[in-house]
Every structure is written in C-alpha cells, then in structure tokens.
Amino acid sequence: MAEGACLSGQNPVVLADAAVCNLGFICHNTSTEKPPEFCPPTKGCQTIRLQPSENICHEQQGSFEPVVCTPGYYCPPRSQEQIRCPPGSYCPLGSYHPKRCTALSICAEGSSREISVIGFVILASLYLLWAVLGFGTKAWKHKKGLHAPNTVPSARISPDQGDVECAEGTAGNPPTLDAAYEQGSIVRELPHFGTMSRDRQQGELGLGFQLRDLCFSKQAVPHPVLQGVACQIPKGHMFGIMGPSGAGKSTLLRILSGMEKQSFGCLNISENYGDDGNIGRYRHCISFVPQDDIVFPNLTVWENILHTATIRLGGTYETRDIMMHVDNIITYLGLDHIRDQQVGSPENRGISGGERKRVSLGREIVALPSTIILDEPTSGLDATTALSVMGLLKDLSGLGITVICAIHQPRRDVFDLLDDVMLLVSGRPIYVGPQTGITDYFESIGSTLPKNDNPADTVMDLIKTRQVGSDIPWFEEKQALAGVLPNAEGCFTEHSPAVAAPVMAGPVFTPPDDRAAWLIQVLTYIRCGAKQQKNQLFGILLEIVTASCCGVLIGLSIYESKGHVFQGYFREPFELLSSAVDYKSVPTAGLLSSLAIEMVFHHEVHSGHSASAYFIGKDLCTLPRILISTLHFTAFFKVLAATVIPVHILFLINAAYFFCIYGLASLVASLAPRQDALLLAMLTSLTAGVLDGSGPRLDQVKYWKMDWLWYICPGTWYSEAWFSEHVMPFSYLYDTDAAARFTGYITGRTGFDIGLMIVIGVVYRILAYFALALPRMSGPVARMKGAS
C-alpha cells in the first residue's frame, strides 16, 4: 500500500492537525507532518463494522490510520506495536496497559477477559465450614449427652390447695389427660405454675370480666353483629359461648381479647382489680388461641413452646428456669414423646391434629396467662381428642386461670366440663348462667328437654328449628324478661338484675409485664428464623438452584461478547473510526439479571410480642439467605459473562437488588390475601425489574414526566450501577458522556446507586411493617380469621 493511500482507493480524511494518538490506539507512521487520517473502509471492513457485535475491523485501512488495540494485547502510549498480555493479567479491547487479575482468577497469557472463580471458592469454603460445624456440634452434643432427658422433673398441683408436691414424670410414659378424668381426678404435673404466679405477686392467676350492654356493628353489615350482651365471667371459671354459625361467637371473643373494640357498652376487668375500661393494658396477660392453630410448622414442639416462653417470660426469668418450665409444660400436655418432632403443616404433615392443638395451647399457657380465650378448640378433632383438650382446659381453670371458649355443639362429657354458658342467637344472648341450669331455664319458657339427652344438642336443635327472628314467642318472652330494648344506634341494651354493675375496687391494677427486652426479642426471632430455614432445606436448595440457573442462563446470553458488552463512539478526534455502537446490551443485561432475582405476625403481636422486634428479627434472619443466593448467582454469571466489572462490586450490586426484591415481596405479602401473595409478589418483582430505564429509555421517560415512577423502582438504580461499572473503565477510549446522555443514566456514582437500593429495600420493609401493624393499631385485626 502506497504511503498516504487507502485500501479502498478513496481519499483519506485528516483527523487532526497534529500527531494525536488516543489511549488504546496504535498510530503507525504518524507525526506532526503526517497526522492521523481516516480512510473510507473496504467493503469487507465496512460489513464488519456494521455488525452488532464483534464489529472491530483490525486491518489498517490506510498508512496513517490509527488502529484500536486488539483484545489480548495492550498498546502503551506512543507505542508503535502491540504487546501480548502477560499471565495474571487481561487486556480487553483498547487496553493501554494490562489489567491485573484479582486473586483466584484464570488469566492465561493473551487473555482478553478475566474468568474469576473466587465465588466458587468462597461457596466451597462456606459449605465445608457448615459441614464441619454441623457434624462437630452434633458430635459434641452426643459426647456431652445433651439430648432430651429420660425423665423430666415435675410436680402435682391440686387446684384446691395450690401446693407443689415434687414427683418424677417419665418422658416415655407421659400422663394422659383421659386417664385422669376416668379416675375422677383433675391433678396435673406442673411445678412452675405455682411459683411463677407467686413471683407475679398476684393472689390468683385469673382475670374476671364484666360485660354490660355490649354491642358491635359494622358498616358493611346491615344488622348489629352483637346486641345487648351482658354477663359476668368470674376468674378461674371455664366459660363456654355457644350458638349457631353466624351468631357472633368469634366476634365476642375478639372483643374480650382486645382485638376488636365494642361499638357500644362496657367491658371491665372485674373482681379484685379496679379498671379504667382499657383492656389493652391486660393484653399481654390474655392469650388468644384461634380456630386455626398458629404454630411455626418448621420448628419442633419444644422449639415452638420455648420461643414463646423466651419472648413472654424472658424479662423476668432466667433461661435455665424458662427451659425447665417448658419441659414441664410439655409433660403437662402429654407431648414428651414428640417434643423433638417438627410440628408440620397441612401440606407437610408432622404431628396429629390433636397434638397440634395441644402445641398451640402450650404456646399460650407457657406464658402464664391470666386468661385463655379459644375459638372452637375442638374443631377438627375426634371425640376422644376433643375431650382430652377440653379436660386440659378444665385443669387450667382449676389452677385459677380464666378459660373462655366458643364451642359450637359439644358432646355431653365436654359440655359437663363447662362452669358457665352463654347462648348467642343472632348476636343476642338468650341464656347466661351455669351449664347445670340450662335445662331448667328452657323448661321454664315452655320447652321440653329429654332427661337423658345431651342438653347442648337439644338446645341447639331448638335454636335451629325455632330461630326465625324476634317474632318467635319464646324469644320475645326472653327479651321481655331481660328488659332488652333497642337504643338509638339500633343495638340492644340489657338491664337484667342478674348482671351486676362493674366493681371498681381500689386503684387501677397494672398487671406485671414479664416480656423480654426488645433486643432480646429481636435476637430470639433471628434464632427462630434461622431454625426455620434450617428445617426448610428443600426451599433453600430450590432458591439456590434457581439463582444458579439464572446466573448460568444470563451469563450464557452474553457469553459471545467475551466480556465486551459495551461499545460506544471513540473519543474525539477518532469518532469516524467507530463501529456500530451498542448502548443497549449493558442495561438489557442488567434487566435480565434483575428479573432473576403472615397470620403468625398478628398472633405474636397480640400475645404481647413486640411487632417491630418480630419484623426486624424475621427480616434479619433472611440476610444470610439473600447473600448465599446472591453469591451463587454472581459466581456463575461472572464465570460465563466475564465482564469487566470487579466481582466484589458485582456482588454488592446484586445483593442490594436481591435485598430490594425480598422487601418488595414482603410488602406484597402483607397487603395481598395469603393465597394470592406468591403470584402477586412475582408479578410485582417483574414489573419493578422492567421499569429499569432500558426500554423505554430513561431519557424518554423523563420527556414523559414519568421518571418518578422509574426512580422509585430498584431496577433503575440497579441498571444505572450496572451501566456505570461497565462503561467507566473505558472512559479513556469511548465518549461515555454521549452514552450516558442517550440512556439517561448518570455514571460514576455506583456507591450512591447501591445505597439507594438499600434505602428502597428498607422503605419496602417499613411499609410492610405498617401494613401488618396498622390493622392492630386501629382496632380490628383484619387478618385474624374465624368468623362465627
């Protein structure tokens, strides 16, 4: 080729007036007298330059035309030759010095990209450490004999005396509830109930309740749910609420437990305590057991009960005392033989329904409550198990604990265990009094109850067959006797002489609070979450496999780029030498990466647990899971994509985005119905990933004045950080400002992008917390199920 001629035979174009040679180029034969030139390319070279990828024509088109440095080589400034990249370094397109590979990377001589395996090394080390710790801890426990003891120290407590008589209960042969009732004795083995209740400086455990003219209505319901409910529930009594479906039983229970607020009327804590009508002050000593058992399915029986005990007693008692107390509660419940068995769930069966009900009950009685309120405690249980559970409740009332339960239509032997009964019909009480007097009452209003039949069955049959409305003669007679009159709000007020006015004896009593400190609650929930995840190995494995597969597939999608995913216009004065620009691959790859990535709350909070401690503890225990998933994704992606972004920066960007997506899923789960939460969380995450500024471009979105929507989504900040880290290393070679203007991203602020993603993730979690906590703060607990 003649000097100054072009291979295409056309005339060259002078690029500069002086001997200019940009970094990353070789400028052959140029000097002040012979400045760099651009030659119109040959047809073959032009075809290469117009390709979307691998579009660098390395053949010099003219004597004075600069040539960008070939991948695998570097071109020092003012050098006239390319130098092969040495081992331990890599040289992408346009390198002017070799880039040092990080530790544990594969970089042979002439490498144009870095293949980092540090992620796999870290993963292998973590798995090895996990295995060593796991087997080591197991061997240590076996050597020390730290297994469930063969015998559990216990004591017999007589409800009449309250004296503690030490005894030995065998874990393999726990006392059965049915046997105790067959022998006619209601004696239980529970040493710490007596001592702990005395520590509280309470004469007795139970709380008494007085209800007067209680009414509850909802805007969406045309008729009041409860009308004129009045009664007195003595402490230490077993009080049953009966009635057909829709009578208002569950609503009344929620009012008694402080989960709902009555629309009209008075609810007072009676007997020995003066009260200002604020039942919320007693919430931590009132336990509520919903119809659907609230347990941690992935924890063992012992772990479930210990968790609650630690939260609700940790502020007063030592860990050793609490653990001994839990052991005795388990013996008391007859659960020794399954104490180390996972509770399970309907989808993953563990213990039986009756055992599950006892665990749910054990989680409440372990906290030494003053009152236990249960919604349909025998629902779904066979007759023997139902009697067993109700017998246990009768025992608790014998210890001084007030037991209030809604029960639909109990058997005769279960009905006989009740001390007092309230019959509700359409939200109105038609009988309140001893269960032994129900037969006489109905006979006094003209109904005949067979002597040998179950009174509960007969009464319920009467209600079902004769309840049509208030026009029924015997119901009208009951209303007249009780003095039930409608008030201005459409509710009923009851002025029965059998219901005394609330007793206000002395100053307002403030029940003791044994709950653990907030920080202890957080740590307890972290441990609980860690144990749950430990027992959810399949779910964690599936998450890890999914993250790994996403890393493989997305890495393969840009594998052919050989780490060169961004290509822009060369810096002036070499713009004419540029090939087809590629501004879209980087944000698109970021989009693909971003797309790859309960009732229990209310029950725990109502039981006196700190809502914030619950949420923070549960969330913190997911951080290791997020980091492990991120590491798997990053490890596979980095090996296959081999992009120029440093592996630690890539990990931080991915982890911040994973953190956001977990928070977004938490927010959706707190707002959506349980059965729809999974699908909605996935769709919301996809939407948040699509709104990343790659299509439509962020610059176009700003023109629409809709950029605020993109900015509140983590995908935009993720793609900006991704774009910046892939573009800025080549700012000496390409006009990166032009690329930033085209996309709308701002380069050079990766730390800001990561920090903002973390802030967005935290905001998602704060909103999720308030979405769960606000229903509790405003009164009704929207998610608590169990309408009558």
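Every residue gets a Cβ built from N, Cα and C, even glycine.
TrEMBL lists 209-451 with the feature domain 'ABC transporter'.
The transmembrane segment annotation in TrEMBL covers 115-136 (among others). Listed by sequence, the residues of this chain that lie at least six past the ends of the transmembrane segment (115-136) yet keep a Cβ under 8 A from its Cβ atoms are 101-107, 628, 631-632, 634-636, 638-639, 642, 647, 651.
Residues annotated as transmembrane segment in TrEMBL: 537-559 (among others).
With a cut-off of 8 Å between Cβ atoms, the residues of this chain six or more beyond the transmembrane segment (639-665) that come close are 92, 99, 102, 113-120, 551-552, 554-556, 558-559, 561-563, 565, 589, 593-594, 597, 622-623, 626-627, 629-631, 633, 681, 684-685, 688, 714-715, 718, 721-722, 725-726, 729, 750, 753-754, 757-758, 760-765, 768. The annotation transmembrane segment is assigned in TrEMBL to 639-665 (among others).
Feature annotation from TrEMBL assigns transmembrane segment to 754-774 (among others).
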Cβ under 8 Å, sequence separation of at least 6 from the ends of the transmembrane segment (754-774): give me the contacting residues as numbers and ranges. 601-602, 605, 611-612, 615, 619, 652-653, 656-657, 659-660, 662-664, 666-667, 669-671, 712-714, 717-718, 721
Roughly where does the domain 'ABC transporter' (209-451) sit in mean pLDDT, to the nearest integer? 84
